[in-house]
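Each remark here refers to the structure printed beneath this line.
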């Protein structure tokens, strides 16, 4: 792993989420004008280019155009609010030139909160609607998360059109975030007395460098400003607003904390379902009492049988009056959902509920009207069926929403780790502290200097510039031991300072902090659809139509035999006829089937698992990685930094010529200083220590030219006019350097001790060697043994020599070893194993491991390694402990088991429930499932699936390795 230091201050601790603006760029300028490139065919001369330039330059909104006749390309700079790429393209085509599709399309990303999704059919409908929008490149919709992530071309479409497409599909949509407002601040404004004041502040902010977007809320008198943290920050924005006031006016802006949108909407949804359920109970409970209870209690229920007109009784009229509000007011949401579903050509739960309740309600209305007009007609209404059905379904949705809210508890706890305030230091010109101010963490800006006293939380990511302490990072990385921090070491926002006072310079604020990026990564994982979800998607496409057909066949199956007296008459309950009995069975089949449970089986389990993993330092990038991890049969381990601690040190030096040892090390360090490899850093550090021993305190490293990395072999460079080679035997062979028997003997002796021998050649003559030792991680042996007990074979692949590799492999218990392999060779070894039908995982930590991490079925970046390794990995292990490899695989297996169990709950319920509802048991046992009870069962199935997923919250790590404290100097950080 890399040492901490000043050179890494600008590197993100985790890769930026897609959609974030690149550092250093000013997105605000990109918003004002956009550049687009066309490939134009048929430009034969300069006059053709001039004619295109003349026509396009005359279009409103076009700022500039350059046409290259040789390359056949046109580059246009334009203002998107006045024109678009389609207009420009058509203008060129009108000149009889053929214009190909746009080159270098700009891709923007936005996240939407989707309201009203009930099952997989709903999420698929939203996804289809989004993908049909021109300019949308990719859309992913998460049912359990109730969110959509859309990649689109802003030249072709906009966020408003995307939201409109979702609303046209019958669902609500609110913008959560877009690529240009990743860093934003909400401010409450005071002192504004007129529209002119509002316009003034908006103009001042929009013209401020680094401001991307300004959005007003005139009702609340608040403003949301999206900004580039490289250029400006919240305190500067507040100062701009205050400076905009001309005396005697005085503007003031304070930090405003809007209610958390997701939590607020979740609470609103819970209240909404609860209120709807209570309102439905207000009407449906009396209906139930008037139809099922009071008639059984004489004489208290006799008044319900009094006839008003012909055979219509008071009980019928009351049940009709009380049921109608439930059917058409409380139950209106089912009509809306069914209408939009059928309009888009698919069916969902709302269709089943609307069909079932309408059949019961309108048949009952027919009975009432018939009784009203006839003195001899006798029939039984089913108003209680309709009312109770709606009530039980609303109760089920209420319980489901409450349970679903708990699936993201782990993620919510992560977001609450950062402290609310921070102690900001101010300095004079000489660097002396002149003030300490307690401010909101949200007002911190990059390069601010903050003071962190013992027992308080670190507010943002930064680097220690003064003081020493130990920091507890267990809440982020899962690392139980406090990590020692000294000047130059990085600290992570949300962690706790244990015992010393440290001064920290902020390097990453807002959405750039490791904590924010962990949350973004987990949210993206929860949005990704697992392959196992495809089963539910396939079933949902024909589930509802199949249920409708089954309900109709059930009705026919009971009605026709009843009409022809093919079953005993005593089977028909009193006050019913064969038609009514058949109708009850048909309605029960309609409402007992539950597509919601199927749709929730996978995403709820993935949500809980990814959140639980994140809280234990294991970041799983989506359902795909989660599903593949449970199939792993072989794991390939890198050696340096993975099986070993990753802090190699030079334990022995050997000189084979008359060159002084210090000069030899100086030349080697001059060649290695530009390399990122851990062994290179070790040689540089050893040279600095050697200088101190010789009485030299200079940190100057000899300058090198023609530096070149030879993957898997070493480096070469021209230092002080000499060709310096630093590397292994293969590097020496590449440059045809002769290895004397003395050198060969020293190499063999070193490698037998599990040390890495680094040869140093000057002008193609080997002048010395350095023996480097990297101690094994204490838990390595137990982890390899545990993996073996899980039926997983372990393989070590390293660029180190065979002797060292075999010695280390033997010590940890690995039998299969591949040594002296370059990064590309590692990826090829993985592909060879995959060809044998094995699911292969790769565990690595460095840039040189990224090709192998990408090639593996499951790539695991350990110790949060480097940004490149994290980008290539499917699973990020936040700390350096190998036990988390087992945690990732075990959590994956437990999650897949839970998903299968959820499918058993969902499918088993439907498979068993539908035949019972259809009356299969009725002829033999007399057991019948009334429609209202079928509705209660339908509601219970969704709740049972969500509760089943919530049991993953109880997950415990299978392996806890207790060992002696490892040396800690901060390099275990993200």
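Cβ coordinates are placed from backbone N, Cα and C, and glycine is handled just like the others.
What you see is a predicted model, and the numbers here were worked out from it, not measured in a lab.
Looking up the ranges 515-536, 581-602, 603-624 in TrEMBL, the one annotated as transmembrane segment turns out to be 581-602. Listed ranges 462-481, 482-501, 542-561; the one TrEMBL annotates as transmembrane segment is 542-561. Residue counts for the domain 'HMA' (108-174) by DSSP state, with H, G and I taken as helix and E and B as strand, are 22 helix, 24 strand, 21 coil. Using the rule of three or more Cβ pairs under 8 Å, pairs at least 6 apart in sequence, the transmembrane segment (381-399) is in contact with the transmembrane segment (932-952).
Under the criterion of 3 or more C-beta pairs below 8 Å, with sequence separation of 6 or more, the transmembrane segment (542-561) and the transmembrane segment (903-926) qualify as touching. Using DSSP to sort the residues of the domain 'HMA' (183-249) gives these counts of helix, strand and coil: 22 helix, 20 strand, 25 coil. Across the domain 'HMA' (34-100), DSSP classifies residues as 21 helix, 23 strand, 23 coil. Within its own chain, the transmembrane segment (903-926) is flanked in space by residues 535-536, 547, 550, 554, 557-558, 567, 571, 585, 588-589, 592-594, 597-598, 600-601, 934, 937-938, 941, 944-945, 948, which lie at least six positions past its ends and keep a Cβ under 8 Å from the stretch.
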